[in-house]
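Database features, via TrEMBL:
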TRANSMEM  233-256  transmembrane segment
TRANSMEM  300-326  transmembrane segment
TRANSMEM  332-356  transmembrane segment
TRANSMEM  368-393  transmembrane segment
TRANSMEM  399-421  transmembrane segment
TRANSMEM  459-478  transmembrane segment
TRANSMEM  490-511  transmembrane segment
TRANSMEM  523-547  transmembrane segment
TRANSMEM  559-588  transmembrane segment
Amino acid sequence: MCTKFVKEMEKMALYVVVLLIICYASPARSDGSDHKYKSGDQVPLYANKVGPFHNPSETYRFFDLPFCTPDHVKEKKEALGEVLNGDRLVSAPYKLDFLYDKDSEIVCKKKLSKEEVSQFRSAVAKDYYFQMYYDDLPIWGFLGKVDKEGKSDPSEYKYYLFKHLHFEIFYNDDRVIEINARTDPNALVDITEDKEVDVDFMYTVKWKETKTPFDKRMEKYSQSSSLPHHLEIHWFSIINSCVTVLLLTGFLATILMRVLKNDFVKYAHDEEAADDQEETGWKYIHGDVFRYPSHKSLMAAALGSGTQLFTLTIFIFLLSLVGVFYPYNRGALFTALVVIYALTSGIAGYTAASFYCQLEGTNWVRNLILTGALFCGPLFLTFCFLNSVAIAYSATAALPFGTIVVIFLIWALVTSPLLVLGGIAGKNSRAEFQAPCRTTKYPREIPPLPWYRGTLPQMAMAGFLPFSAIYIELYYIFASVWGHRIYTIYSILFIVFIILIIVTAFITVALTYFQLAAEDHEWWWRAFLCGGSTGLFIYGYCLYYYYARSDMSGFMQTSFFFGYMACICYGFFLMLGTVGFRAALFFVRHIYRSIKCE
């Protein structure tokens, strides 16, 4: 039976490998980034999107604004990750042939109608930027500017549209190395009033030679996050986190070792001495501490999902450390997330079914369904709402029907079968729950406890310390995901992640010990909730970041930010809850194995 399952898993793994190859065979790398050019060759230039600078999720197609349109607008074929990233590349109206300089070349002469002037003015007022790709190198620029000098009343502001783009391109032999685009501050069109305006859209191209090798041309974009003052802040974050870990682990190790040593000495006395003592402490609930928790199917599903998300995070870190997610590798992260999540669903099924059967659960099929829906369900509902919002806004964040079908097929043909196969393998693993002590027939009554030993105060205590170890790094991550800052110091981020895991495990173990010492034997869910509470703190930081550290606005951007961050924080809750529970379970088994249970 096991051999058959192994063969099925191998077939499914082979299918996923093929899927990985297909998804990573991005067209972005096949139409220019590896090409060599001769003088006069046409180098691919694609216009991507436009949108408000402070609202990174609210982006629109380039030609949604009335720019000069080429005779034949060619849409570039995009990989799955690029579509998920909101990229919609089309051929740009500019022709930047290799080594051909141009001076004030006219793209088109256009008479803007009142509606088009109003459209451009609204875009300039919202700080719209444009994004293009030239030989896979990104180009950014603003559409215009607002003159507010000496004017206090917004109705007196002047709005100007840039009409002349200057491209400065660097080459090395037959390769494109770097491109910069800037707007001419003197070539402006006044679009303050709703009236027809004649505009001559122009561009200038200058080619310059450089000695930078082709394989180092992307380093320019990663250097911004490695500047000395940024590195100092990152290392301060690391030192802060390490000090937190050392203090916490040292404190816990000292206290717990001393207290446990005294406990072991006390509990090791002969039975007569033990009978003379008042029954207090964690030893006297040994008959209840391994009593199975309520809602054990939900707990097993949460542990399965949390284990899968932890594995996913480790794989993402490994890919980032080997350089897969270099700056502007369009959609690579989203592709990796989709494919690795599909690949690791077998881990969720195996973990959940195995643990559920250890807890003497019988309806393992329902448990598997719950495992598959525990994280994907809220994510799917959030996606449906936010995709509807993006469709209403006609934004590029709205996924095309074909992409939705592809994701559904990945879920139906890869994620679900692997989940079921993992669940069957977990059910047939015949693993037993290793409880050092026998559970009594009737549960012991829990003595009344002070308010600060309740679940919510304990969660607040448990979540604060891990959050304090990562909050400095959180700003840079948020500024990268929900802004235009580039983040490439993955090694530091990985160290912070390891510290987060260690602190979560230690604080959960400490709180579990204090709970057991107070003769409260219902520690299972408490350990999971305390471990995952850091996710709630991260979501609280979202509120602070949105209102205090960002300039995001509008219903679409607000709903995208809080909607998807809720899913991410929920994922952290499941993952860190699993870490906390596993650490607490290991600790509880260890201390009860070390004493003699009657």
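Note that Cβ sites are derived from N, Cα and C of the backbone, with glycine treated the same way.
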Q) Counting only residues 6+ away from its ends, which parts of the chain sit with a Cβ under 8 Å from the transmembrane segment (233-256)? A) 465, 468-470, 472-473, 476, 489, 492, 495-496, 499, 502-503, 506-507, 509-510, 513
Q | Stretch among 300-326, 399-421, 459-478, 523-547, 559-588 sharing the most Cβ pairs under 8 Å with the transmembrane segment (368-393) | A | 559-588
Q.
So, taking each listed stretch (300-326, 459-478, 490-511, 559-588) in turn and counting its Cβ pairs to the transmembrane segment (523-547) that are under 8 angstroms, which one gives the highest count?
A. 559-588
**Q.** Folded-back contacts onto the transmembrane segment (300-326), same chain, C-beta under 8 angstroms, at least six residues removed
**A.** 218, 222, 332-333, 336-337, 340-341, 344-345, 347-353, 355-356, 359, 361, 367, 370-371, 374-375, 488, 490-491, 493-494, 497, 528, 532, 571, 574-579, 581-582
